[in-house]
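Trainee: Sharing a structure below in structure tokens format, with a few things to ask.
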Amino acid sequence: MMSGERTWSAIVVAAGRGTRMGTAESKQYLPLLGKPILIHTLQLFERMEDIAETILVTGENDIERCRELVREYGLGKVKAVVPGGAERQHSVYQGLKASGSDWVLVHDAVRPLVSPLAVRRCMAAAVHSGAAVLAVPVKDTIKKVGPGGVIEDTPDRSSLWAIQTPQAFNSARLMECHVRAEADAFVGTDDAMLVERCGQQVTVAEGEYTNIKITTPEDLPWAAFLLEERDRRGGNREGE
Ligand SMILES: Nc1ccn([C@@H]2O[C@H](COP(=O)(O)OP(=O)(O)OP(=O)(O)O)[C@@H](O)[C@H]2O)c(=O)n1
Ligand SMILES: C[C@](O)(CO)[C@H](O)COP(=O)(O)O
């Protein structure tokens, strides 16, 4: 356990359909170096001493197969497998209701490459500020593009960060912001947005460019390459 008596739950959201991947099978179940993407992600939290339990959020029709996978891979930290909702935010909300710790990490099942070191940086930043997300400075110039492909604006890159998961929060605070978002019918693409609109501070912790979200077909061979590279360098152990 980290930092005194704090307890941490990891909520792994895996209830999406992966439409941009374009496969019949939802992308979180696609094989990556011999096991489903989702299993790589769950095994990361399984190895981290600081994480007391994992809540797996999945599609209603995938609950049984997930329980089967949890048994097959001996994932003892998975305390509950619960059905998600229509949007990612709704899935997180279901996971939050099932979690039993003071602090939570919300993580995309399809980001199997994050390192334990980066996860801990995010946890430490959240303990300091109440809420933190992993992020990396953007490398490209970003443009706002309007109708007809016409560029409307070029925001100053020095203040732009690409936001990743995990995102770490005090559980009660995150719950409050989810309840408020639901009451306002607000839907955001990450949890930090909900906390920001509650007027609370969210800080960034240094992420990794290799912590990709497997989204479209070209991400799969790239993820396999990155994992193999990490294994080759012996960097797949708990502390790295
Ligand atoms: N209703 C949803 C939608 C998404 N997710 C999860 O949120 C993570 C990030 O979402 P994304 O990459 O957008 O996944 P999908 O929604 O599955 O992809 P797409 O938008 O291409 O359909 C994924 O692990 C996905 O399973 C979820 O739990 N519940
Ligand atoms: C939470 C997230 O992964 C941060 O980059 C992202 O916002 C998820 O967005 P998506 O619309 O579900 O791809």
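Including glycine, each Cβ sits where the backbone N, Cα and C put it.
So TrEMBL lists the following for this protein:
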type : residues : note
SITE : ARG20    : site 'Transition state stabilizer'
SITE : LYS27    : site 'Transition state stabilizer'
SITE : ARG157   : site 'Positions MEP for the nucleophilic attack'
SITE : LYS213   : site 'Positions MEP for the nucleophilic attack'
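Burial and contacts for the listed features, if you can.
Mentor: In this structure, ARG20 (site 'Transition state stabilizer') belongs to neither helix nor strand by DSSP; it is coil.
For the recorded site, LYS27 (site 'Transition state stabilizer'), the DSSP three-state label reads helix. Sequence-distant neighbours of LYS27 (site 'Transition state stabilizer'): residues of the same chain at least 6 apart with a C-beta under 8 Å from its C-beta are GLY16, GLY18, MET21, ILE37, VAL110, ILE214, THR215.
For the recorded site, ARG157 (site 'Positions MEP for the nucleophilic attack'), the DSSP three-state label reads helix.
In the three-state DSSP scheme, LYS213 (site 'Positions MEP for the nucleophilic attack') falls into the coil class. Applying an 8 A CB threshold to same-chain residues 6+ apart, the list for LYS213 (site 'Positions MEP for the nucleophilic attack') reads ASP108, VAL110, ARG111, GLN164, THR165, ASP219.
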Trainee: Which recorded sites among ARG20, LYS27, ARG157 have CB under 6 Å of ligand 2?
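Mentor: Checking each Cβ against ligand 2, none of them comes under 6 Å.
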Trainee: Measuring CB to CB from ARG157 (site 'Positions MEP for the nucleophilic attack'), give everything in the same chain under 8 Å that is also at least six residues away in sequence.
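Mentor: Result: PRO137, VAL138, THR141, ILE142.
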Trainee: Report the recorded sites (ARG20, ARG157, LYS213) that meet this criterion: Cβ distance to the nearest atom of ligand 1 under 6 Å. Use sequence order and write none if nothing qualifies.
Mentor: ARG20, LYS213
Trainee: Name the residues of the same chain, 6+ apart in sequence, whose Cβ is under 8 Å from the Cβ of ARG20 (site 'Transition state stabilizer')?
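Mentor: Non-local contacts for ARG20 (site 'Transition state stabilizer'): THR215, THR216.
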